[in-house]
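The structure appears below as structure tokens.
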Amino acid sequence: MKGETPVNSTMSIGQARKMVEQLKIEASLCRIKVSKAAADLMTYCDAHACEDPLITPVPTSENPFREKKFFCALL
């Protein structure tokens with residue numbers, strides 16, 4: 001740390017304190033295994049599949065974006 005000004009060392013101490021606080025927060029988080037998280041996600045998706053319009057299509061009569069059918073008549 002030769003040639004370093006006191007301001008820079010103070011800033012690095014402040015940054016180190018912030019990092020320590022962040023690491024303490026992350027260490028205290030409750031973690032679960034990826035396999036359990038994936039299983040929970042699949043269970044949730046299966047339970048809510050009937051409510052998902054991308055899986056269960058909206059009935060044509062209720063679809064506001066359906067194509068309008070135009071009939072041409074020759075006079």
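Glycine residues also receive a Cβ, built from the backbone N, Cα and C atoms like all the rest.
Within the list Ser12, Ser35, the entry that Swiss-Prot describes as phosphoserine is Ser12. Swiss-Prot gives the label phosphoserine to one of Ser9, Ser61, namely Ser9.
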